[in-house]
Amino acid sequence: MKARLLLEDGTLFTGLSFGSEGSSIGEVVFNTSMTGYQEILTDPSYCGQMITMTYPLIGNYGLTRDDYESLRPYAHGLIVREYAEYASNWRNEKSISTFLKEFGILGISGIDTRMLTRKIRNQGTMKGIITTGDEPLAELKERLTHPLPQDQVQRVSTKSIHISPNYGKRVVLIDFGAKHNIQRELFERNCEVISVPPYTSAEEILRFNPDGVILSNGPGNPKDLPEAVATIQKLLGKVPMFGISLGHQLFALACGADTAQMKFGHHGNQPVQELLTGKTVITSQNHGYMVPRDSVPEELLTITHIAINGGTIEGLEHCEHPAFTVQFQPESAPGPLDSGYIFDRFIKLMDSFNRKGVVIHA
């Protein structure tokens, strides 16, 4: 079946449909990863976005539920050069097309993804609509004039408290759209994980007597979450904190820094340098917002990591309180695995804080 992709600047691509039928609107971004399309599709941070995969062949190893990063995909579309209908993988359970149909998500293949990627890179992220129908272009263009929803975190985050017992450190995970692999990394380090909704108050969090708090990744503009910023401000100094991606941006806002939208964001694998050691690691990234360097209050925050490509701030540490953040995703699945040591650093931070006798479990 024929499908069309129309961008808000009027550029039209024609290709073939896979997945669901109908029409869908979203923010068009590109991801440069060669593998991991299943984890990308189920990453809640892609809520409301249409993902363009720059690697030309997608779908050749299928999907398996064990590798989901959330209970379902929240992306609004998948754009590929070539879709592999038949997968070759002993773990394969279903094709991408079947997976997308289950959740009403449209896919389009057979378009020039290099041209599309260059357009986004040069002109910036823009809205797009995928359709399998024959609507007039004027109607599609009119639909693209409407603003996109701003409630992504509410759509992807937990609505209730979930406790996953373990015998190690007790960590409260504030879920703004957390990937499953954050919990997996904590479980590997014997942590008890208490997942709470994004608008949980500081008082409620502290009642759990946590050894530490993680501010998770998630979709959207951090400035749409003023309640979360206020909660972080109240938690500062009372418990060790670790922010990831959106959590990094919210932490920066709580400390007086600013955030801004990037031209086309970072989606894929990016090199990052740790300033203290000079070590460079390959990281997994998925963010469309960043912390401007000139907005960081130097008396409160130290820049710990920067992106090799472009110099974007990739890590912050509080000068007075036990708290640090990274813009990249150290829990990346299926990889790269270079930055997993960040979780070990958080464990050591909680150990150091506990030795002062601050946290006492009931």
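Going from the start of the chain as shown, residues are counted 1 onward.
Glycine is no exception: its Cβ is also placed from the backbone N, Cα and C atoms.
Database features, via TrEMBL:
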REGION    1-169  region 'CPSase'
DOMAIN    1-131  domain 'Carbamoyl-phosphate synthase small subunit N-terminal'
BINDING   Ser45, Gly218, Gly220, Leu246, Gln249, Asn286, Gly288, Tyr289  L-glutamine binding site
ACT_SITE  Glu331  active site
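Here the features listed in TrEMBL are placed on the structure.
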residue : record                   : DSSP class
Ser45   : L-glutamine binding site : helix
Gly218  : L-glutamine binding site : coil
Leu246  : L-glutamine binding site : helix
Asn286  : L-glutamine binding site : strand
Glu331  : active site              : coil
List every residue in the same chain as Tyr289 (L-glutamine binding site), at least 6 positions away in sequence, whose Cβ is under 8 Å from its Cβ.
Asn221, Pro222, Leu246, Gln249, Thr259, Ala260, Gln261, Met262, Gly265
Between Glu331 (active site) and Asn286 (L-glutamine binding site), find the distance joining the two CA atoms and give it rounded to the nearest Å.
12
For a quick check of understanding: among the binding-site residues Gln249, Asn286, which residue's Cβ has the most other Cβ atoms within 10 Å?
Gln249
Mean pLDDT across the domain 'Carbamoyl-phosphate synthase small subunit N-terminal' (1-131), rounded to an integer, is what?
96
May I have the list of same-chain residues other than Ser45, Gly218, Gly220, Leu246, Gln249, Asn286, Gly288, Tyr289 whose Cβ is within 8 Å of the Cβ centroid of the recorded L-glutamine site, in sequence order?
Asn217, Pro219, Asn221, Pro222, Ser245, His287
Counting every protein chain present, what is the number of Cβ atoms, excluding its own, within 10 Å of the Cβ of Leu246 (L-glutamine binding site)?
31
Tell me, if you would, which residue among Gly220, Gly288 (binding-site residues) has the fewest other CB atoms within 10 Å in the structure shown?
Gly288
DSSP says what for the domain 'Carbamoyl-phosphate synthase small subunit N-terminal' (1-131): how many helix, strand, coil residues?
29 helix, 47 strand, 55 coil
What are the sequence-distant neighbours of Ser45 (L-glutamine binding site), meaning same chain, six or more residues apart, C-beta distance under 8 angstroms?
Gly177, Lys179, Asn217, Gly218, Pro219, Ser245, Leu246, Asn286, His287
Taking residues Ser45, Gly218, Gly220, Leu246, Gln249, Asn286, Gly288, Tyr289, which bind L-glutamine in the record, the widest Cα spacing (Å, whole number):
13
